[in-house]
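Per TrEMBL, transmembrane segment is recorded for A:12-36, A:76-101, A:113-133, A:165-188, A:217-234, A:273-293. Per TrEMBL, domain 'ABC transmembrane type-1' is recorded for A:76-290.
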Amino acid sequence: MKPRYRLLPYLLLLPALVMELLIHIVPMAVGIIMSFKQLTQFFIRDWTAAPWTALNNYRIAVDFSAPIGQSLLNSFWVTCSFTLFAVAFSWLLGVAAAIFMQEPFWGRGVLRAVFLVPYALPVYAAVITWSFMFQRDTGLLNHVLHDQLHLVAEKPFWLIGDNSFIALVVVSVWKTWPFAFLTVMAGLQNVPRELYEAAAMDGATVWQQIREITMPALRPVNQVLVLVLFLWTFNDFNTPYILFGKSAPEAADLISIHIYQSSFVTWNFGSGSAMSVLLLLFLLVVTGIYLVVTARWRDADA
Amino acid sequence: MRTHRIAVAATLVVAFTAACSRSSDPGNKSTAGESSSKPAPKTLTYWASNQGTSLDNDKQILEPELKKFEQQTGIAIHLEVVPWSDLLNRILAATASGQGPDVLNIGNTWSASLQSTGAFLPFDDATMEKIGGKDRFMAAPLAATGAEGKPPTAVPLYSMAYGLYYNKKLFQQAGIANPPATWDELVADGKKLTANGKYGLAIEGGNVSENVHHAFALAKQHGADFFDASGKPTFDSPGAVAAIKQYVDFIAQDKIAAPGNAEYAANQSVTDFASGKAAMLMWQVAGVKLTTHGMSPDDIGVAPIPIQAGASGSKATATMVAGINIAVFKNTKNLDGALQFVKFMTSKEESIALNKTYGSISPLKEAQDDPAFNTPELKTISGVLATRAAPLPQVPNESQFETLVGTAVKNLLAAAAAGKPTTTESVKAELVKAQQQMPAS
């Protein structure tokens, strides 16, 4: 091969490479560098002048016996359990609705469209509406629970205190499940109808059909779907921010809000960056393990 | 092959970051002399904070005034009204990138924090002379323009202070002749007014800034400060604990504020007061807001925020100094024009016109006699502003203080609303936790 031609692929790749660097790698690198600096408001004007602090930002973040580390750890556990509930319910709802919608029936198109509404609504408008519904004295939810159904003796708070966790999960599931629904619905198109017919002939119940035909066929779709749902939910910033504002209640103090508070609101960008890097590492590890494990399962199946 | 590729990528990264850091080098090197040798641009960018009922409302109010400035000086102002939720982030981004407006509004409590970034033009005496001298401003608003002993980082533009708004009709119905002057009276009156689903007092318990403003004034009344003379945080001093307990007790012990107030963060307390659901409200110049909510001006009474019986000096502090300052971005390419604009905005005529429209008070001494500020409401407010107001701590860490203490109060109110007991110990524990999260400096 002549040298000229050996260079050409690189030249062709160069624009993409430059863009990739500009958009992804450089900001990430800058963030990682920032996490080793004591970057407070004294230095944001010329952050190269901020003093290096080696691992100090990290040490403070993971010192779980001190309040900053403690609250980060609390926020981490809150985020983990939030993600678990939100992803599980979103996935369950999405799959159930998609399977239900598989058989043609009158009004199916309309219902499918309606199901996608939460996904299509602007996040801000949707979540602010939820926050109105969650208000203690004037909200719709307490009106139904307390005034009409008399299920609770006293009106509970939803936006402050421990119930805020439930509120957060509800809004998150409402917002995310249409995506699961959409993805699973697309995945179901690839399952041959004959399989169901054959199974029905052999006397398989609906439940058995779902377990033995639908679920295995959906496995590759589910693998990606659950991963994406996990990453989105774990990192979700909009929902808690719109619902609770800058300072979320402890029970709903998601890690994204927590990091925002420790960097933007309190002007300590070094500390915020260190927490972000830790979060990135955690998500990388979880994603890696998940991909390896699910790949093994698939290999084992094959 | 592989190492070659990595080397190329690495070189690119290095080259790029080097180029970045060079171009983002702040304008220390381009001195004022250098920039004035070039013809100054004939436009200025101005970021205004949202003072009116909406961003558009602000534009309608400000644009005719800016046209006047253009006619006088030939400098066109490019106006952008920035909502409060974005303003601080936008300023931080502008500071980090060096790409910002020429002139901008800042909340006056941010003065010392922003001052420490070094991104704004210090108003030293020479600069002050160019805009007419610092003696034109009232002392209290001027004290909220940066750390003591340093040249102000901004000058006062619109001034505000807290007042106790009370519903005259409800007071009359309850047989109360005068608004409360001490906290004991306020609690006693509040109990009389709390009945049939109505409450004595409305508070904005989910709003971190409101919480911290009240905590600050009450702490002053208890002889406590949140920072000592050397700038170290002293959040958990007995005075501060007593002050915050007193505030939380409006829900916890006195029960003169509705438990639901603990989650208010979208000005629901103003609505509650305007609609007669609550008889008292502590707010910054609320008059215009209340009447737009449909409250009859005849029903609105205003008194200074109560104090402890017999208090004087700093223990008689009734309010923090609230307000908006106007600052000049150091990187401006038209320093003279920017200062001319600040001078214009703080001129007697503009100051009166704009403050009148927004329902705030002019920070100028010479404007105080103007009939615009002689309404009963503004007279009361400007009275406390002149004699009984203290600026929030002018320390670089002010922003952290607001977030941490405001959140602590929010948590305590939430616990009280849920029926958990509020004790000196529980308040202190929450404040200790807040203080421990302050960065060691």
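Glycine residues also receive a Cβ, built from the backbone N, Cα and C atoms like all the rest.
All TrEMBL annotations are machine predictions without curation.
Note that the structure is predicted; figures quoted are calculated from it, not measured.
Of the two recorded stretches, the transmembrane segment (A:76-101) does not lie close to the transmembrane segment (A:273-293), with fewer than three CB pairs under 8 Å once pairs fewer than 6 apart in sequence are set aside. The stretch in A:12-36, A:113-133, A:273-293 that contributes the largest number of Cβ pairs under 8 Å to the transmembrane segment (A:165-188) is A:113-133. Here the transmembrane segment (A:12-36) has Cβ contacts under 8 Å with residues 47, 52-55, 57-58, 269-270, 273-274, 276-277 of the same chain, all six or more residues outside its ends.
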